[in-house]
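Features of the protein shown, as given by Swiss-Prot:
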- 1-12: compositional bias 'Basic and acidic residues' (COMPBIAS)
- 1-306: region 'Disordered' (REGION)
- 31-43: compositional bias 'Low complexity' (COMPBIAS)
- 59-68: compositional bias 'Low complexity' (COMPBIAS)
- 69-82: compositional bias 'Basic residues' (COMPBIAS)
- S83: phosphoserine (MOD_RES)
- 94-104: compositional bias 'Polar residues' (COMPBIAS)
- S103: phosphoserine (MOD_RES)
- 119-128: compositional bias 'Basic and acidic residues' (COMPBIAS)
- 207-223: compositional bias 'Acidic residues' (COMPBIAS)
- 224-245: compositional bias 'Basic and acidic residues' (COMPBIAS)
- 252-269: compositional bias 'Basic and acidic residues' (COMPBIAS)
- 270-282: compositional bias 'Acidic residues' (COMPBIAS)
- 311-336: zinc finger (ZN_FING)
- 338-368: region 'Interaction with MAP3K14/NIK' (REGION)
- 342-366: zinc finger (ZN_FING)
- 372-394: zinc finger (ZN_FING)
- 400-422: zinc finger (ZN_FING)
- 430-453: zinc finger (ZN_FING)
Amino acid sequence: MPGETEEPRPPEQQDQEGGEAAKAAPEEPQQRPPEAVAAAPAGTTSSRVLRGGRDRGRAAAAAAAAAVSRRRKAEYPRRRRSSPSARPPDVPGQQPQAAKSPSPVQGKKSPRLLCIEKVTTDKDPKEEKEEEDDSALPQEVSIAASRPSRGWRSSRTSVSRHRDTENTRSSRSKTGSLQLICKSEPNTDQLDYDVGEEHQSPGGISSEEEEEEEEEMLISEEEIPFKDDPRDETYKPHLERETPKPRRKSGKVKEEKEKKEIKVEVEVEVKEEENEIREDEEPPRKRGRRRKDDKSPRLPKRRKKPPIQYVRCEMEGCGTVLAHPRYLQHHIKYQHLLKKKYVCPHPSCGRLFRLQKQLLRHAKHHTDQRDYICEYCARAFKSSHNLAVHRMIHTGEKPLQCEICGFTCRQKASLNWHMKKHDADSFYQFSCNICGKKFEKKDSVVAHKAKSHPEVLIAEALAANAGALITSTDILGTNPESLTQPSDGQGLPLLPEPLGNSTSGECLLLEAEGMSKSYCSGTERVSLMADGKIFVGSGSSGGTEGLVMNSDILGATTEVLIEDSDSAGP
């Protein structure tokens with residue numbers, strides 16, 4: 001078989017087999033090559049000559065094969081065949097040698113196979129390969145000596161077969177320790193026919209071309225040989241590097257890792273808090289015009305508050321204090337120059353307003369709808385402004401402050417009222433001639449005198465009405481007629497004792513709402529009645545004589561007296 005070592009056979013057996021092959025040749029003429037047919041009737045003399053040439057050719061072929069193997073090993077030190085079954089691809093016009101011309105000897109008699117089981121225990125595969133190569137050389141030499149030579153063609157075929165045996169042995173030596181080596185006895189006739197048929201292929205392919213193809217296939221199947229590349233284009237160091245083994249980490253490295261993890265966790269928490277704060281805040285508004293497709297709610301425009309510069313409205317009867325001149329212009333335009341054209345539709349109201357929003361705000365006061373509830377005391381209000389002012393009572397906040405005296409208050413109206421006190425010359429034109437206190441109205445001055453200076457009030461009344469007699473019992477009534485009351489001999493009307501008071505004749509008795517005040521004036525008595533009337537005269541337990549006056553005589557009005565009576569405390 002090709003690729004296996006053959007044992008030498010004795011010359012007698014070879015001659016017998018050659019004779020049998022010659023006898024069987026005429027039976028199958030189509031399978032024998034023309035050279036063998038022509039050489040059959042040549043006789044014993046020609047066969048002896050051929051055998052002598054064969055011996056010399058076989059020896060030369062063995063030497064050439066050894067030289068070729070050494071040269072190939074030197075050129076390709078790493079070359080090996082992956083598997084013995086790998087063969088070069090068949091040429092389309094060429095058939096395999098075994099299938100082309102089966103010899104008649106194969107049909108009659110199969111070669112003997114000697115299978116030896118070889119166990120390698122401690123030997124290296126390379127050493128085994130060298131031993132096999134050394135043992136193969138004398139076997140090939142003996143085979144070549146026993147066979148007749150047919151020329152240079154047979155030497156080429158022996159070289160190729162020797163190469164196959166080397167490849168199979170090298171592959172077997174690398175597979176494992178347990179190897180099976182099969183040897184067969186050589187058949188000379190079969191080898192001769194095979195050699196003759198190699199050169200009669202229908203495609204006309206020579207043995208040199210076949211050897212080149214085999215070498216190319218073997219090189220392609222083997223690993224890429226090492227080549228010195230000056231440009232280092234084929235060098236890939238990352239493939240040759242081995243993965244570094246993981247080193248044991250020390251305690252310091254673990255501590256650093258833990259610190260890094262803690263820092264990362266803290267950073268994550270801080271970022272989450274920042275995101276929450278950003279979510280609470282309003283998103284920044286985009287610049288540019290608003291798209292028609294944009295249906296997001298519009299945010300109210302915010303104007304920057306100007307710096308505080310208090311100014312006062314100089315319009316007659318106003319005196320409103322404003323925080324900036326710009327606000328003053330707005331105030332004058334809408335509060336003094338603009339006409340009131342919006343009328344309240346409520347039947348009992350009819351108030352006029354300059355702006356529609358003022359009318360809508362006022363219309364809520366005519367309803368009982370209170371949508372704004374205090375969270376502290378659950379009190380309800382009709383407007384958010386009233387609720388905000390009320391909430392300051394619970395919080396104790398007083399945002400407004402007077403720049404002159406530091407007075408604080410919650411509402412702007414309170415501050416405006418307070419600021420008028422600092423401008424007494426312009427606003428407080430009426431003053432008390434006794435103490436010098438100033439008032440906005442004249443009636444307030446009269447009420448002040450009746451409360452704080454009653455003796456002056458009575459003296460003025462006596463001076464203005466001295467000796468005048470009032471005979472009308474209904475002084476403040478609607479009947480203007482004077483009625484004559486029963487009187488004593490002097491003609492003075494007899495009046496009942498006012499409030500049943502009895503005092504000494506040296507005191508002036510004033511009574512108002514059950515509160516009495518006395519003033520020493522000899523025998524005369526002045527009494528301020530509960531209905532607002534004044535009695536001046538002398539009174540005793542036996543009878544009373546005097547003058548009954550109305551408060552209008554003193555220049556005061558009943559409105560002032562009523563306002564003064566409602567006020568609590570001095």
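Quick reminder: no glycine exception, Cβ is built from N, Cα and C everywhere.
Model, not experiment: these values are computed from the prediction.
Beyond the ends of the zinc finger (342-366), by six or more residues, the same chain brings 334-335, 382-383 to within a C-beta distance below 8 angstroms of the stretch. Residues in the zinc finger (430-453) partition by DSSP class (helix H, G, I; strand E, B; coil) as 11 helix, 4 strand, 9 coil.
Remote same-chain partners of the zinc finger (311-336), defined as residues 6 or more beyond its termini with a Cβ less than 8 Å from a stretch Cβ, comprise 354-355, 412, 415-416, 419-420, 423, 427. Sequence-distant contacts of the zinc finger (372-394), counting only residues of its own chain at least 6 positions beyond either end whose CB sits under 8 Å from a CB of the stretch, comprise 361, 364-365, 410-411. Sequence-distant contacts of the zinc finger (400-422) (same chain, six or more residues past either end, CB-CB distance under 8 Å): 310, 312, 319-321, 389, 392-393, 428.
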